[in-house]
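To start, the structure itself, in structure tokens.
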């Protein structure tokens, strides 16, 4: 076998066998630029083919600022309105996409992306192009099993059945299985909840420290609660765990403990800011930037402020800007 191909030699390829999306398909796009006619986007599942969301298809409601609806660099779920295979024109709509559509598309895209990342790695390792491996293995699996990831999951247990009659070497099969197993390993979720805690009474700083300390003490073997200072009276409760519901439950429990404790002091009070969120991508980066100058608060920490810093993340921004291929 020759040297593995470089990334530029892989001949990157669309996720699916069909060359264009079809009318009424839900697809994931990345916004590249916004002009008078609309937003120009890259269609991620179709090798960054260009499409356009017309201004009239951005929202059902009137809007003054386009940036409140769509931003350059963001990922968006859109509906395919028209496809001109000859000219390569693809018209898209954001306003016709329902919240259920977004969830459905994000789940499908996440599965397809795992498959595509595996294909890229295996193709590079075995001196193949992405399209070659897609044609030999992945696209037939989509056709037969509905989604290639479901088939590859089954292949980790029954490889002879799934890969039967496929024209690939045992080495390629092993690489596909080992790579997909790694991608199927559950990843820890990071959750955060923002709170304000203050005490204008005599105990002041000590009261706040004691309340936050009590909140951290609810940590157990499954969930560790960390509390970070943003700028008094703003704090963020952060935890990582595999079980989203358990993580949210523990953050809520910590909030209650902190609230109950601080209210024992004269002048002490507590307020939750927004909902508990799963964070990742840009949200996590913004949070890290905020906390860069602060360590976790303990009973010995200084109660100090560098000004009213805020993480400016919008709780109603639901699009997840996933990183491109690993």
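Cβ coordinates come from backbone N, Cα and C, glycine included.
Swiss-Prot annotations:
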COMPBIAS  298-326  compositional bias 'Acidic residues'
DOMAIN    24-95  domain 'S1 motif'
MOD_RES   59  phosphoserine
REGION    291-326  region 'Disordered'
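The predicted model assigns the domain 'S1 motif' (24-95) a mean pLDDT of 91. Cβ environment of the residue listed as 'phosphoserine': 69, 94, 95 lie under 8 Å away, each six or more residues apart in the same chain.
DSSP labels the residues of the domain 'S1 motif' (24-95) in these numbers: 9 helix, 36 strand, 27 coil.
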